[in-house]
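Scroll down for the structure; my scribbles are underneath it.
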Amino acid sequence: MKALAKLERAPGLTLTRVKKPEVGHNDVMIRITRTAICGTDIHIWKWDDWAQKTIPVPMHVGHEYVGEIVEMGQEVRGFSIGDRVSGEGHITCGFCRNCRAGRRHLCRNTVGVGVNREGAFAEYLVIPAFNAFKIPPEISDDLAAIFDPFGNATHTALSFNLVGEDVLITGAGPIGIMAVAIAKHVGARNVVITDVNDYRLELARKMGATRAVNVSRETLRDVMRDLHMTEGFDVGLEMSGVPSAFTSMLEAMNHGGKIALLGIPPAQTAIDWTQVIFKGLEIKGIYGREMFETWYKMVAMLQSGLDLSPILTHRFAVDDYEKAFATMLSGESGKVILDWTV
């Protein structure tokens, strides 16, 4: 079958032919129709330090997808041939304490689709049936293909009550931009997002941001004054992994504020801990998606009017994958979709 793979320990990916995967007793085989390019795939493309330490070679990658079930193992229940599905990319052990307590997103033995095992940038993908998630007919293939990052945004944004709150989001990547729409959808008052990328800040405005701030030209203090915010932000969502962004967030938080961290900063990042201690801030690390509460919330929000369509900015046939990755690398895109049906 056709697949987009890392064949060499060097930058780039290669469109190649690989063996079609086999289906185990508890697995489903999905014929892929759409995939999306993730920031993780960009790390793999660039072959940076993280990728060199993490990604087996050779292996086809990718973990944002939608498709149709074409084969099932004999033990699979609850699915039918022809079901349209996406899937949870974190395959968990089912036996550790967190898994047995229903906290599978915290499994210490997680294996990532397209990271630690063969991925979705291929004509067919096999995953455990437990990880598959049915997509309602009213949700498009393009939207279903981004349920993985949409889930990251949902898990992060809904970690705290947002109704009537002032929310600061640092980092206007696709996940941060989707978090803007989620926060507004569930009732946040002011939603402010910061970055230095004007293209993506404009996308955030289209998604409902109260203010989209280029911090190279404008300060948060000035924005807060314009919005008549005298005490600070109630909730912070750190999506960038940039130390200076986290520092500015800490300074802008109200006493008793709550912060969810999804962005991954450098290992030895220093912060002013007095901001955390004296303000009584609550900080929560976020990893992946809650299985499968986050997925149900994603569907419910889309069915109740959440509009993510502005984030879907570019579409390419898979044969044009180099153009697709170049578009993502340019920084002037939202989510980039690869079509496996043409």
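Even glycines carry a Cβ here, placed using N, Cα and C.
Look at Swiss-Prot and you will find THR40, HIS43 tagged as active site, charge relay system, backed by sequence analysis. Annotated Zn(2+) 1 binding site per Swiss-Prot: CYS38, HIS63, GLU64, in sequence order, evidence recorded as sequence analysis. Among the features that Swiss-Prot reports, Zn(2+) 2 binding site is placed at CYS93, CYS96, CYS99, CYS107, with the record citing sequence analysis. The feature NAD(+) binding site is assigned by Swiss-Prot to ILE175, ASP195, ARG200, LEU262, GLY263, ILE264, ILE286, TYR287, with sequence analysis given as support.
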Task: Cα proximity to CYS99 (Zn(2+) 2 binding site), best match among binding-site residues CYS38, HIS63, GLU64, ASP195, ILE286 - done: ILE286
Task: Residue with minimal Cβ packing [other Cβ atoms within 10 Å] among the recorded positions HIS43, HIS63, ARG200 - done: HIS43
Open item on the list: Within a 10 Å radius of its Cβ, which of these binding-site residues (GLU64, ASP195) has the fewest neighbouring Cβ atoms?
Closed with: ASP195
Task: CYS96 (Zn(2+) 2 binding site) CB neighbourhood, other CB atoms within 10 A - done: 16
Task: Secondary structure of GLU64 (Zn(2+) 1 binding site) (DSSP, helix/strand/coil) - done: strand
Task: Cα-Cα distance linking ASP195 (NAD(+) binding site) and GLU64 (Zn(2+) 1 binding site), given in Å to the nearest integer - done: 24
TODO: Determine which residues of the same chain, besides CYS38, HIS63, GLU64, have their CB within 8 A of the center of the CB atoms at the recorded Zn(2+) 1 site, and list them by sequence.
DONE: THR35, ALA36, ILE37, THR40, ASP41, GLY62, TYR65, GLY89, GLY114, GLY119, ALA120, ASP148, PRO149
- [ ] Could you tell me which three-state DSSP class ILE286 (NAD(+) binding site) falls into?
- [x] coil
Open item on the list: Tell me which of the recorded positions THR40, HIS43, CYS107 ends up closest to LEU262 (NAD(+) binding site) in space, Cα to Cα.
Closed with: THR40
Task: Any further residue of that chain within 8 Å (Cβ to the Cβ centroid of CYS93, CYS96, CYS99, CYS107) of the recorded Zn(2+) 2 site - done: THR92, GLY94, PHE95, ARG97, ASN98, ARG100, ARG104, ARG108, ASN109, THR110
Task: ILE264 (NAD(+) binding site), number of other Cβ atoms within 10 Å - done: 13
Open item on the list: If you count other CB atoms within 10 A of each CB, which of CYS38, ILE286 wins among these binding-site residues?
Closed with: CYS38
Task: Cβ packing number for LEU262 (NAD(+) binding site), 10 Å threshold - done: 25
Task: Tertiary neighbours of CYS93 (Zn(2+) 2 binding site) (same chain, Cβ under 8 Å, six or more apart) - done: CYS99, CYS107, ARG108, ASN109, THR110
- [ ] Go through CYS99, CYS107, ILE175, the listed binding-site residues, and name the one with the sparsest Cβ surroundings, counting other Cβ atoms within 10 Å.
- [x] CYS99
